Amino acid sequence: MDRSNLSVANNRQALERLEWGWICTVSCLYFVPYILFQLPSNVLLRFFGVRMWLTICVLGWGAAQLGMGFVRTWGQLAMCRVLLGLFEAGFFPALVFVITTWYKRHEVQKRLAIFYLSSIVIGGFSGIVGYAITFLKGKGGLDSWNWIFIIEGILTVVLAILNYLFICDFPQKNTFLTAKQTNLILVRVEQDRGDSIPDDITVSKVLHHLEMPAKSDWTIWACALMFMSSTMPAYAIAYFVTIILNSMGWDVRASLLLTTPPYVFAAISCFIFAWMSDKTKRRAPFIAIQALMTITGIAVTGYARQNGPRYFGLFLANAGASGCIPAVLAYCSNNIVSHSKRAVSTAVVISAGGVGGIFATTVFREQDFPRYLNGVWATMGCQILMLVLLALTSWNFARKNRLSREGKLDGPLEGQPGFFYTL
């Protein structure tokens, strides 16, 4: 909600006196620190501990969000967006990293989906929240757009305090389970992939995992490009859904209210696909289906002539894009062993997602109103790229699984006897 509410404020015509180009620029600035600080944040996570580090992150972006309610110039707004990106950089990769250390590989996607679908639903209801806040216009001498940022900033700060009280650490450091329960968790993870006890994160290990694909594991970089392709349509919809609805002829308040149903549908779809994926222990087929849903939905929204089909297209596109995000994260994390590699790969993959966000802010241009066909084609292109990379990585994993079963490799996959890649 905090990263996408700029579009809600813009839809309120709060920023109507300023140029569209500035809106895209300020949206884009968020991603610069968001991308650059992903990896340092995952390293600091191990240093500070999960509870302290996540509290620092949430307090920081809550303060930045609150500050956006009092800006008077584009420069001030840009600085707040940069700080927002800086502090949010540590949150998503940390949560994915921590969640994947608690569960077996084929239990992960449901948990990631629950985590992510909560953000989908809350983001979807940001339109209704924005609609309600419009009635605060003039209160305290502030416009309604000021109140959007102020209220959501205060809520974030309060949640940061609750976060410190309730967040859990890595399994071996947790304080809410008994020693017997903790040992059960660690044994399950050890039997599944052999990395229940974290290895040290050293500079040499980080640099090794960051080497060019020819010298290290190229699938990390392929997964990064896949995640970039999956986040691009999700960010585009989050930023521009109200503007797209405006282009269909809906007024401001109707557009805000109509943003919610596609997100509710996306949350339901996301969890159903995650459950099926964990149940069948397969990732690639369900990623492919949801990518095709995104292509179909965005094409209908762009090319249909009547508003009903165009609106239905948003349901399909949002459901497919939202479902691909936890699916790609699960696919990548399932095929990685060791905490150090997981910390680096999670940061690299989610950083690439930030690149998808930058791309999303640039392809839906004002001059393309009302159908934004350049944005439509860019979105479909990203999904096609993801499908190609998915096919390549799945072929590579299947080939290595076959060679391992036939005893034609020098050692077990990922150095773990009995380990096989998830397809």
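Using the three backbone atoms N, Cα and C, a Cβ is placed for every residue, glycine included.
What TrEMBL says about this one:
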- 1-399: domain 'Major facilitator superfamily (MFS) profile' (DOMAIN)
- 20-37: transmembrane segment (TRANSMEM)
- 44-63: transmembrane segment (TRANSMEM)
- 83-102: transmembrane segment (TRANSMEM)
- 114-133: transmembrane segment (TRANSMEM)
- 145-167: transmembrane segment (TRANSMEM)
- 218-242: transmembrane segment (TRANSMEM)
- 254-274: transmembrane segment (TRANSMEM)
- 286-305: transmembrane segment (TRANSMEM)
- 311-331: transmembrane segment (TRANSMEM)
- 343-364: transmembrane segment (TRANSMEM)
- 376-398: transmembrane segment (TRANSMEM)
Look at every Cβ pair spanning the transmembrane segment (83-102) and the transmembrane segment (343-364), keep those 6 or more apart in sequence, and say whether at least 3 of them are under 8 Å. yes
Counting only pairs at least 6 apart in sequence, do the transmembrane segment (44-63) and the transmembrane segment (254-274) share 3+ Cβ pairs under 8 Å? no
Do any residues of this chain, six or more beyond the ends of the transmembrane segment (286-305), have a C-beta under 8 angstroms from a C-beta of it, and if so which? 226, 230, 233, 244, 269, 273, 276-277, 311-321, 323-324, 327-328, 331, 371-373, 375-376, 379-380, 383-384, 386-387, 390
Taking 3+ C-beta pairs under 8 angstroms (sequence gap of 6 or more) as contact, is the transmembrane segment (114-133) in contact with the transmembrane segment (376-398)? no
In terms of Cβ proximity under 8 Å, which residues at least six beyond the ends of the transmembrane segment (311-331) contact it? 96, 108-109, 112-113, 115-117, 120, 223, 226-227, 230-231, 233-234, 237, 241, 244-245, 248, 258, 261-263, 265-267, 269-270, 273-274, 277, 283-284, 286-287, 290-302, 304, 349-350, 353, 379, 386, 422
Could you check whether the transmembrane segment (254-274) packs against the transmembrane segment (218-242) - three or more CB pairs closer than 8 Å, residues at least 6 apart in sequence? yes
State the non-local partners of the transmembrane segment (376-398) in its own chain: residues 6+ outside its ends, Cβ under 8 Å from one of its Cβ atoms. 219, 222-223, 225-226, 228-230, 232-233, 236, 284, 287-288, 291-292, 294-295, 298-299, 301-303, 317, 324, 328, 335, 356, 359, 363, 421-423
Quick one: mean pLDDT on the domain 'Major facilitator superfamily (MFS) profile' (1-399)? 86
